[in-house]
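Visitor: Summarising the annotation, Swiss-Prot assigns transit peptide to 1-41. Swiss-Prot lists 2-17 with the feature motif 'SIFI-degron'. Annotated N6-acetyllysine per Swiss-Prot: K87, K113, in sequence order. Positions annotated as phosphothreonine by Swiss-Prot: T141.
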Amino acid sequence: MLGAALRRCAVAATTRAGPRGLLHSARTPGPAAAIQSVRCYSHGSQETDEEFDARWVTYFNKPDIDAWELRKGINTLVTYDMVPEPKIIDAALRACRRLNDFASTVRILEAVKDKAGPHKEIYPYVIQELRPTLNELGISTPEELGLDKV
């Protein structure tokens, strides 16, 4: 019902005619624009860090994961306000290798470097933790490929 009221307000605002008969948006909001905000709190339990890590490791370890699910998982993981744990990145890199998707491996490593932001010690730590996996899977870092100089 709230969505319908918002749609009516948006339609009414965009269909008002100006002096020459042209459509323009209204400068002053109508009475329907005075909708109060509603707080939507979840009363569910909070996910612990261990549960979060296990959920993502399980997601990337699915044997039947396809390229779309891999990219969706990576995109969702990147939207969180944190740097993923090395074990999550390890599982994602292994999923990329199962799908022979080298471009996604580079993208994951670049995203980790970007998420680390000004904290210059995080990315080298993650690479150090992932070095055995990178060597095992034959994955080069963006720095080894020269992509950091582009």
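Even glycines carry a Cβ here, placed using N, Cα and C.
For each listed feature, how buried is it and what is near it?
Guide: The number of other Cβ atoms within 10 Å of the Cβ belonging to K87 (N6-acetyllysine), over all protein chains shown, comes to 16.
DSSP assigns K113 (N6-acetyllysine) to a helix in the three-state reduction. Of all Cβ atoms in the protein chains displayed, 20 besides its own lie within 10 Å of the Cβ of K113 (N6-acetyllysine).
A C-beta separation below 8 Å, combined with a sequence spacing of at least six in one chain, links T141 (phosphothreonine) to L109, I127, L134.
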Visitor: In this predicted model, what is the average pLDDT of the motif 'SIFI-degron' (2-17)?
Guide: 47
Visitor: According to DSSP, collapsed to three classes, what secondary structure does T141 (phosphothreonine) have?
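Guide: SS state of T141 (phosphothreonine) = coil.
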Visitor: Can you tell me how far the Cα of K87 (N6-acetyllysine) sits from the Cα of K113 (N6-acetyllysine), in Å?
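Guide: Pair distance, Cα basis, whole Å: 16 Å.
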